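Trainee: Let me begin by handing over the structure; questions about it come next.
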Amino acid sequence: MFSKEHKFYQQLASLRFRARTVEFVPYNQSLKLLSEQLILPPLGAGDQPPYFTAELLVKRAIPKAVFIVSLVLKFLSTRLGTLLLCGHLCLDWKWPFVHKFAELPLKKREAILQKWSRGTFLLPLRTVFFLLKVTSFYTFFSLADENSQNSAWEAIGYHVEAVENSTEGNERPLEKGIVETMNQSESTLKESLIQKGIHVTDDPKANTLKIKCDVVIVGSGCGGGVAAAVLANSGLKVVVLEKGHYFVPEDYSGLEGPSMNELYASGGIFPSLDGKFICLAGSTVGGGSAVNWSASIRTPHHNGKIKRKKCVGVIANIESKNIKKKLHIEAKVSVSSCGALFTPPLLVSSGLKNKNVGRNLHLHPVLFAWGYFPESLSELKGKNFEGGIITSIHKVVTQESNFRTIVETAGFGPASFAVFLPWTSGHDMKDRMAKYSRTAMLFSLVRDLGSGEVKEEGRIKYGLHGLDKENLKAGLRETLRILIAAGAVEVGTFQSDGQRFSSKGTKNEDLEEFLETVMAVEGPGSTEKYWTMYCSAHQMSSCRMGANEEDGAVDENGESWEAKGLFVCDGSVLPTALGVNPMITIESIAYCISNRIAESFKEEKFSS
């Protein structure tokens, strides 16, 4: 994405890395060797990846995890510290008898990482392995030069189509109504807002720009976008706040790193506190609807149809070095459409006390399986990053007729693919990545009974229900059967031990024996020997509707029980997890809620 700007972003990022990763600088040699050990030399990009790896770690991991990594790197830079963390693997019969990590041969360094990956006694070391694996591989396979190339892509059969920027001089669809603060200064912002028909006054004492409107909507995704359209068409003055940037199709390219960074919250690396889940949540104009993998599925019908304080507006910070003022938006109605991961923290920080705010979080847990289709299969042409993404869904029917699991296809670039791949050795990882372009990925998605909590931004807690694990296991086994039936000569899961099965020429009994070993294991923070990473692209129900304030955070109209004129209009309001991808359902609910709001304006319910 944004290939013309990529070189600038890379140079800017390089400066930021050196500014924000001071704590890693004294231990850069250990970090470099750990990264090289995971990928195997040569890195092919000079000394940049360790800096980029350190920056990615600082930006995406929680502070506690960053501290643990920096502490381990500090220990590895000394002989005593290496002995404590690596045990007998750093010992030698020759002087100095105990070696620092940087002095160890490649084979011993590999054995240390394998030990950390499987270890259950010192879980922080597994955490370090997990974090370095994720950040190192993501960095290595997503970095691109000024020509949008990466030296590793040719080896794995990957390429990025060159895209000519054709938007210059063309008016973008939302051009008439959008103000992009990154292109503004304090002297121009007020005038730009006025030109868009917005009532703005300056309050020098409070250092704010005061904006008056009928409705302010925070977030422009499936909920906020629909609500904005409905309310604006009803004649109301609507202001939409969006922390992400505005892009049109012509802005896009296949560069995975910049695309993920611009389109997803936390650059697509948004982990739960225990590291079990990686959450994908859109963070751009259009939100999740801009990155929904082309999956638009109607809501299933099997479940049937299912005096307060006053909210007076929103105060927003502007992420621009040129603008120090805040926006104070006074509105008769405020709508939070930040999504299920960000609406609860916004409401909690605004003073709401309802116990349901931030609770009952559903994630649609996902486990992946892969199948390798060699080039020799002449009837199956092409590469895994070509063609459609999700073109069908398969319902996994269990003994109980009410299914809870579906199988769909995944569309991962090489960096994201490498993040989830199990690492058992450097050579094994290279072999797996060499097959990337002919490796198909399916996933098992469960309508989860388990739930979690998110009351602070970036702090996601979630626990899998036992039945969810059983359903995920059934779905994962089904995905492997589908891949084999499609012609895959080798299939496997993303379990940390590299679980795989060679299907060519084997008997059905052998397959069933292998499938019996396929389980929904825990995450890297567990005490189990083998672990995996779960993914979530659908977050729901963290501000669910309820018949009363004991049962829900908002009422049947999406309005807060605690503050009149404050509405939630996104996936947060869903009472339970859906059985399919939720985009159309969220849009439908947003349509209903926003029409109710419009009707209330006509009835003058918000006049005072």
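Each Cβ is built from the backbone N, Cα and C atoms, and glycine gets one as well.
Among the features that TrEMBL reports, active site, proton acceptor is placed at His538. The feature FAD binding site is assigned by TrEMBL to 213-228. Here TrEMBL flags 214-246 as domain 'FAD-dependent oxidoreductase 2 FAD-binding'. According to TrEMBL, the domain 'Glucose-methanol-choline oxidoreductase N-terminal' annotation covers 260-302, 307-366. According to TrEMBL, the domain 'Glucose-methanol-choline oxidoreductase C-terminal' annotation covers 459-590.
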Trainee: Taking only same-chain residues 6+ apart in sequence, whose CB is under 8 Å from that of His538 (active site, proton acceptor), what do you get?
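Mentor: Residues satisfying the criterion: His362, Leu363, His364, Gly571, Leu578, Asn581, Pro582.
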Trainee: So if I exclude everything within five residues of the ends of the domain 'Glucose-methanol-choline oxidoreductase N-terminal' (260-302), which remaining residues of that chain have a CB under 8 angstroms from its CBs? That is, six or more out.
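Mentor: The answer is 1-2, 56, 59-62, 127, 130-131, 134, 138, 142, 174, 178, 219-222, 224-225, 242-247, 337, 339, 341-342, 363, 365, 388-391, 393, 402, 408, 411, 415-416, 419-420, 452, 458-462, 522-526, 533-537, 539, 578-581, 583-585, 587-588.
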Trainee: Taking the Cβ of each of the binding-site residues and counting other Cβ atoms inside 10 Å, which one has the highest number: Gly219, Gly221, Gly223?
Mentor: Gly223
Trainee: Which one, from the binding-site residues Cys213, Ile217, Ala227, has the smallest tally of other C-beta atoms lying within 10 Å of its C-beta?
Mentor: Cys213
Trainee: Just to confirm: which same-chain residues, 6+ apart in sequence, have a Cβ under 8 Å from the Cβ of Val215 (FAD binding site)?
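Mentor: Non-local contacts for Val215 (FAD binding site): Leu231, Leu236, Lys237, Val238, Val239, Ala331, Lys332, Val333, Ser334, Val335, Ile597.
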Trainee: Same chain only, sequence gap of 6 or more: which residues have a CB within under 8 Å of the CB of Gly225 (FAD binding site)?
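Mentor: Same-chain residues close to Gly225 (FAD binding site) (Cβ under 8 Å, separated by 6 or more) are Gly286, Gly287, Ser289, Ser337, Ala590.
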Trainee: Where does Gly223 (FAD binding site) sit in the DSSP three-state scheme?
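Mentor: DSSP call for Gly223 (FAD binding site): helix.
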Trainee: Sort the residues of the domain 'Glucose-methanol-choline oxidoreductase N-terminal' (307-366) into helix, strand and coil with DSSP and give the three counts.
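Mentor: Computed counts for the domain 'Glucose-methanol-choline oxidoreductase N-terminal' (307-366) are 7 helix, 20 strand, 33 coil.
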Trainee: Averaging the per-residue pLDDT over the domain 'Glucose-methanol-choline oxidoreductase N-terminal' (307-366), what integer do you get?
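Mentor: Value for the domain 'Glucose-methanol-choline oxidoreductase N-terminal' (307-366), mean pLDDT as a whole number: 90.
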Trainee: Tell me the residue counts in helix, strand and coil for the domain 'Glucose-methanol-choline oxidoreductase N-terminal' (260-302), as DSSP assigns them.
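Mentor: For that range the per-state counts are 13 helix, 7 strand, 23 coil.
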